[in-house]
Structures are given as C-alpha cells and as structure tokens.
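For reference, TrEMBL has these:
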type: ACT_SITE; residues: K134; note: active site, charge relay system
type: ACT_SITE; residues: S209; note: active site, charge relay system
type: ACT_SITE; residues: S233; note: active site, acyl-ester intermediate
type: BINDING; residues: L183, S209, I230, G231, G232, S233; note: substrate binding site
type: DOMAIN; residues: 85-562; note: domain 'Amidase'
Amino acid sequence: TSAALALLCGSVAAVVVWRWLGKRQIQKKMEEARRTRDEGMKKMAKAVQHFREQVPSVQTDAILSLPLLELTGRLQEGSLCPKTVLYTYLEKALEVTQQTNCLRHFIPECEDQLQEIQQQREKGMLYGIPVSIKDHIGHKGHLSTCGLVQCLGTPVQEDSVLVKVLKRQGAIPFAMTNVPQSLFNFDCSNPIFGQTLNPFNHQKSPGGSSGGEGALIAAGGSILGIGSDIGGSIRLPSSFCGLCGLKPTAERLSVWQTRLLNVDICSRPTPVPCALGPMARDVDSLALCMKALLCEEMFQLDPTVPPIPFNKEVYSSSAPLRVGYYDTDGYFPLPPCMRRAVQETRGALQAAGHQLVPFSPPRIHYVMTELFLKTFFADGGHAWLDLFTEDIVDPSLKSQVNCCKIPRLGKKLLALILKPLQFLLLLKLKNIAMISTCRSVKEMWNHHHQIEVYRTEFISQWRELRLDVVLCPVLGPAFTTGYPGKLLTAISSTMLYNVLNFPAGVVPVSTVTEADEEELKLYQGCCNDPWDWTLKQAVAGAVGLPVAVQCVALPWQEELCLRLMKEVETLSSKK
C-alpha cells in the first residue's frame, strides 16, 4: 500500500513539475518575442533620430496632414522624397505605439525597400507610401504570430502575394500590427504582446481583429493599412476608430501566404472565406489602394484572382443610386447612436437625389447560428481549442474557450435545462456551447449547400427590389476593453456579409452625443436580458467617439460599394 501511495505521489509530482516546465517554456518564448520587438523598436528609434539629425527641417505635421491622394501626387512629382515621408511616419508610429501598443514589430527591411523603389524605372501608383500590414499577412523573414506562442518559431519564407504587389507598386511596408489571440475576437489583446488601446479613449478597445491597424491609422501613425475580415475584422476596427475600411469579395485580392488559425488560408477552404482589404482615413485612399492592387502583377502571381481591373468609371459616376436600407437586423439591436447614424444618412442620401428603399435581410437568426458560427465550430470547436494546447489563454477569450470545452453530453444537458427559454435562444443565440456541430461529411456538405441556398435567396430579394447598393448599421461605438469576448454574437451586422461574400465597407458619419448617451440608458435591446445589459455596459461612456454606417454591394462590385461610401462621406462632411 505504501509503495502504491509513493508511486501515486511521485506521479502527481511529476505531472506538476512537467506542467510547470511547460509553462516556464511558454513564458520564455513570450519574453524572447517581446525582447525582439523592443530591440526592433529601439533600432528604429535610433534610425529616426539619425535621420532627424541629418535633416532637421522636416515639416512633420504638414506631411502627416496630407491625404493619401495628395501625398502620392507630391511623391510622384518629386516635391517630397520617399525617405522623408518614411521617416516621418516611422517617428509618428513610434509615438503612437507607446500610447496604444498597436505595433507588433517594425519591418527593418523598409530601408532596403526605400532604396529599391528609387532604382525602379517606373514609379508605381503607391510610390513612396509607407504601408502597415496586419500581423498574419506574410512578410519574408518575419513571424506571422496570430497572437499564439506556437507561431513564434518559424519566420515566413516568402512575401505574401499582396505584399509583393504593394512593393511592385512602390509602397514601403514598414510595420506589422497587433492582433487578438487566434484572431477570433473583436477586441485586440494577446498574452505575448498585450492589449492594444483605442487612441481616442484608452479605456476602449480599437476593435478587432485588425485592431492594431485601426489604432495606428486613427492616431496618424500610418496613412494606409491592410487588414483582414472573416466576421467584421476590418469593419469593426474601422467603426471603433473612425476610419474607412473595405472588406472586398473574398477572392478579389489574393490571400496567398496569409495565415489563419495557424495554417495558410488557401490550404483550408471554407464556405465563409477570409478577405484582405484596405483601411485608411478616407474613401479615396481605399479606392486608390484597390486600383493599385488590382493590376497585372496580382493576376500573374495568383491565377485564382479573377483578372478584373478597378473600374474607375463606376467609382466616379454621379448617377443616382437605388439604395436599400435598414437600421436593425432584428437579431442584436444596436445602441441608439448607430441606428441614428443610418437614419440621418438615409435622409441625406434621399435629399441628394438618391432613391431609398426599405430592405429587410431575411432570417438573420438562422444565418448567425446555423450558417456563420457552425462554419467555425463544425467540429465543436476542437480545431480552435488545439491552438491553445501549448499556450496561455488570453483573459478576453476565456469565456469562449470554456464554452467550447464543455463536452457534447454537457451541451445536450444545457440545452435540455434551457428548453423553457427556447424562444429566447432561437431569437438570439448567445452561447457557443449551444452551437450544433457537423457530425459527418454528409452534414458538412449539406451545411455548405445551405449557405449557397441562403445566398441565392438573399440575391433574389435584392434583385426584386432592383437595388444597386444597401445602407445598414455596423456594430459600435467602441466597446470598453474586455467586453468583446463576452459578446461574440453581437457581430451579426458584419458577419452577414461574410456569409454572403458581398463587398462591404464602413464610413464614419458622426460622433456619440450626450443625447445618445441619455437614450442608451433606456436601451433594452431585444429581450432586456443579461447580454443586452452587457452590451449597454460595453458601449457606455462613449461621448465624442466615432459613429459609422455600413455600405454593401453585390459580389465583385467593390467599385459600386466604394461609390456609395464616397457619397456618404461627402454628405456627412457637408453636414
């Protein structure tokens, strides 16, 4: 008996020591990653200081205030030199990341790219423009971490197609920005590099998963950034940070050599695909970026991208539009200020001569629970959970991780216990634990088929109303940090257009007023339940923060989507 007890105690001690050593190894990897980042920051700071000593008369504020179109013009004509612009933005980015923790890493090869573009025979459309890119977009010699410890080992061996095209067009990728752990969150925090803050209010989140981009651009540390979007990850940071952001049709821009959930996106096809797209301070910047990227180089490097150049005529047209609109999808009612933004924009568009038509997107409850969430948790969340086996789970993700860890039997018991609340659950499924899984290949194929059936239904309804575009709400204003992880299903307004694979963009049109804040006190949401109360807490204290709307077009009509965005931007600036 004593021998057995000693063996048991020894085994327990061995397990404890093994776990301690595992955690210690994780901590060492994280400390090394942070040390590497900090050393890179110091090197960049020294390079900036050296440049300032050489050229002390740079008019920093004047350069930073130039819109992208004007800056490209100045660079093309030679009245500004790329080196001055690059070091001006490097200096500003250093200042911004000290305040918001938005950068994951500077790209020291930006100095080599600076030399490279000056030797090119022809100046590209983005000649001399410093560009920031999201953490998981591949850049040769750098990590794509997705905020995960297991991704800290191997640097990317080759530039992603998108980075290659940016460089060919004369752009200078100079920084990689922070993301939430695993990218599956619309906050921006991970255990390695920490929490990114909203530059307008440090109690608030910049959104996610392209939150580092949102914070950096909004605070003036970058003039153009590239994010990604699989549920709102470009549009939510744009909404929270007062930027313009475009999620194109997924296949319009190449995603080759871009990592998602620790694999290359192209190696894991999904019925709800990831899209890469631009983020900037105005709509013209997005249009210029799309025009630059949709070039022969992109089509040659990635033959899966349809060779459709940017249609400038559609973007610059002044013909009246037939615009569908709605201010709620009926699934997760948004705060009063977001609905106000849609109604005010509707009125402005109508007064400008456009035709506004009420539109109601069909079956959002079904789309959210049976199509969107089931796509990512078809296996009960096991593939996602595997990402955390050798990692520390970020506090902002713990509630989601714990839900996925509930065994199948536990989920069935929960469903049985909550059956009396069936109506509420059908109306607004809040908990990942309730998501049904695909238990066979046949079920998976059927799931894919149901997505196609829904797309057909949605397009038919769109066609019946003879719509050109749709104006609708986007989630906002900025959440207090820590709250996004508690309200995953609040993203229904954006995820719908990932399921449909429609181009969708966000434009800031207003700010939160004292009257909005007072009206928020009366907000009851859909059911006046704990999740509605949580949303109310998440967006409280947002006076002065940006308020945005969402613009949508049919697949492959990015130019038409941008056209509506530009019209909305022009009308809101006049107001």
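Placed from the backbone N, Cα and C atoms, the Cβ positions cover glycine too.
TrEMBL does not curate its annotations; it predicts them automatically.
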Item to complete: For the binding-site residues I230, G231, work out the Cβ neighbour count at 10 Å and name the residue with the minimum.
Response: I230
Item to complete: Whole number in angstrom, please: the longest C-alpha to C-alpha distance across L183, S209, I230, G231, G232, S233 for substrate.
Response: 11
Worksheet item: Under a criterion of Cβ-Cβ distance under 8 Å and sequence separation of at least 6, what residues of the same chain contact S233 (active site, acyl-ester intermediate)?
Response: L183, F186, G208, S209, S210, G227
Worksheet item: Near K134 (active site, charge relay system), which residues of its own chain have a C-beta under 8 A away, given they sit six or more steps off in sequence?
Response: M176, T177, V179, S209, S210, G212, E213, G225, I226, G227, S228
Discussion item. An 8 Å radius from the center of the L183, S209, I230, G231, G232, S233 Cβ atoms defines the neighbourhood of the substrate site; name the other residues of that chain inside it, in order.
Written reply: F184, F186, G208, S210, S228, D229, I234, L236, C274
Worksheet, complete the sentence: Residues near G232 (substrate binding site) by Cβ (under 8 Å) yet at least 6 apart in sequence within the same chain, in sequence order, are F186, V474, L475, I491, S493, T494, M495, N498
Worksheet, complete the sentence: Out of L183, S209, the listed recorded positions, fewest other Cβ atoms within 10 Å surround the Cβ of L183
